[in-house]
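Engineer: Encoded as structure tokens, here's the structure I'll be asking about.
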Amino acid sequence: MIRSIKTLFHSNHSCENNEDFYKELKQRIQLIEKIQNKIKKQTATLKISLEKWSERAICNLEKFKKFYCGLKKQDISEKSKEILINSRLSPTSNMCINTRKLEEYFYQNFIIEEHISKYYPNNLETKSPQELKVELENRYGLTITGHTGYITSLAILPDNDHFITCSHDKTIRLWSLKNESQEHIFHGHTEKIWNVSLNFTGRLFVSSSADRTVKIWDLEEKCLMFTKIGHTNEVNAAVFTKDNRIISGSDENYVRIWDLYSDNEIGKIDNGSGVLALAVTQDDQRIVLGSKDSIIKIWNLQTLTKDFELSGHNGWVRSIVLSKDNSMIVSGGFDYLVNLYNFQERALKHSVSLSSNVCSVAFSADQQNIIAGVGSGKVQIISVSQFTIDYSFCEHKNRVKTVEMSSDGSFMISGSDDCNFIIWDVETKKRMNVCLYQLEPLKLLGATPDFKYVFIGSGNGIVKFWDLETKKCLEKYEGFEDALEVKFSTNIKYMVFADCNFRFKVCFVTKKMRMLLSFYAKRIKTEN
């Protein structure tokens with residue numbers, strides 16, 4: 001390790017004046033101090049680990065000692081004595097710590113610094129995990145799993161396999177339950193995204209954002225189709241009608257109506273208050289709006305006039321959902337209330353107070369229950385017939401912004417401000433065993449000098465080797481805790497990973513990677 005530190009100083013930078021010269025010296029001194037501190041921390045960690053291992057070994061040996069002492073006081077058959085004599089302990093040298101091997105671990109002539117450049121472009125090495133993730137996704141086009149911001153909305157596709165999520169991190173992500181993977185990232189919005197909603201066929205979806213735009217996306221082609229511009233404030237909600245019109249509501253108090261293939265709006269409604277949620281009736285004749293003035297307003301889409309209003313909330317109405325037959329309207333508000341209205345009678349029928357702000361409401365597949373996501377991090381199930389809380393799911397660490405159940409009623413998904421979504425089994429009322437890595441706090445472990453290939457470590461125990469030109473992950477290594485470092489042997493036949501607990505894992509280098517890294521090793525050695 002010490003012998004390879006010199007390669008950190010390999011640089012083609014020229015110093016044209018004294019200021020540059022002393023600046024370069026300062027940077028190198030700081031780098032050396034950084035390495036020194038790292039070695040001290042690793043040594044301290046190793047010392048603690050050695051003490052634990054030693055204590056454990058001594059304890060185990062003490063058990064054997066007591067066992068043998070006990071044998072002195074017992075009557076042992078001649079056959080047992082013979083077996084004991086023929087099965088001796090290993091030589092003493094093999095029972096002790098091999099200090100020579102341990103020393104080799106520190107002084108092996110690893111050449112990671114000869115393969116891995118420390119001069120990353122745009123100071124990627126100094127970026128936070130979230131900043132690094134955004135940079136790798138936006139600049140290099142890598143599909144890094146998971147959102148880095150609050151999850152605000154989700155929609156389950158008709159196949160009950162795929163679903164989409166959107167977030168404050170300005171991305172929309174497509175997931176597959178069967179493949180247990182993230183399949184695509186949709187980029188385009190420049191501010192946090194508030195809502196996603198599918199069209200009738202499930203092929204298109206619409207998104208609304210704080211960047212004041214409404215965007216329409218194609219799920220099959222995985223591309224942006226259209227952007228609707230016209231709102232003057234954040235767009236909180238947008239939905240499709242069956243004839244593929246788009247209805248969007250904003251903080252500017254207006255609801256705007258768009259034709260899918262036209263750039264201009266084809267209608268506008270002045271709601272008189274900021275629109276937070278909206279739903280369209282099955283016949284596409286009316287829209288139901290949840291507003292900041294605590295009033296639910298029902299508008300006629302043909303005449304663009306208000307039909308009637310519903311009261312019952314004392315704060316923002318954050319979420320609205322209609323039953324399949326349009327007979328019921330359910331609303332969730334920041335006054336902790338979930339209200340059930342009869343659409344035809346235009347009256348409030350039931351109301352229940354929950355433990356916190358109600359951020360999202362949805363119907364179960366059989367329309368017998370209401371699912372509510374609340375600010376306390378709970379997902380609560382409310383019986384439509386009794387209008388009481390039947391069950392609560394309590395695994396989120398922050399408020400639940402969005403909930404939805406699959407069309408077959410087998411599972412539901414909740415998304416939260418803890419940047420995670422959870423998939424629940426409806427029958428067992430437990431979290432499903434679906435391994436979808438959502439959060440990957442990333443760390444750049446190394447890059448080739450031309451920055452074509454990078455090693456990225458993550459907090460979920462995975463290290464990935466990426467090709468930045470093809471945007472593909474070439475290799476994947478698992479079983480770490482916050483990987484910190486990667487080193488190669490001089491013959492590039494194996495690599496050693498170290499994690500935060502100073503534990504090591506040796507992996508053989510594949511033939512393809514060995515050829516690739518051999519090229520860089522030879523080139524740098526020639527330059528030296």
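Cβ from N, Cα, C; glycine included.
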Engineer: If you look at how TrEMBL annotates this chain, which of 22-52, 53-83, 146-176 comes out as coiled coil?
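Structural biologist: From TrEMBL, the annotated coiled coil range turns out to be 22-52.
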Engineer: Return the stretch with the most CB pairs under 8 A relative to the repeat 'WD' (275-303), choosing among 144-185, 228-268, 310-351, 393-434.
Structural biologist: 310-351
Engineer: Given a Cβ distance threshold of under 8 angstroms, which distant residues of the chain, six or more beyond its ends, lie next to the repeat 'WD' (144-185)?
Structural biologist: 130, 133-134, 136-137, 191-198, 201-202, 205, 207, 209, 217, 219, 222, 398, 401-402, 404-408, 410-411, 413, 415-417, 419-421, 423, 434-440, 442, 456
Engineer: Could you break down the residues of the repeat 'WD' (275-303) into DSSP helix, strand and coil, giving a count for each?
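Structural biologist: Breakdown, helix to coil: 0 helix, 17 strand, 12 coil.
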Engineer: Average the per-residue pLDDT over the repeat 'WD' (393-434) and send me the rounded value.
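Structural biologist: Averaging the confidence scores along the repeat 'WD' (393-434) gives 90.
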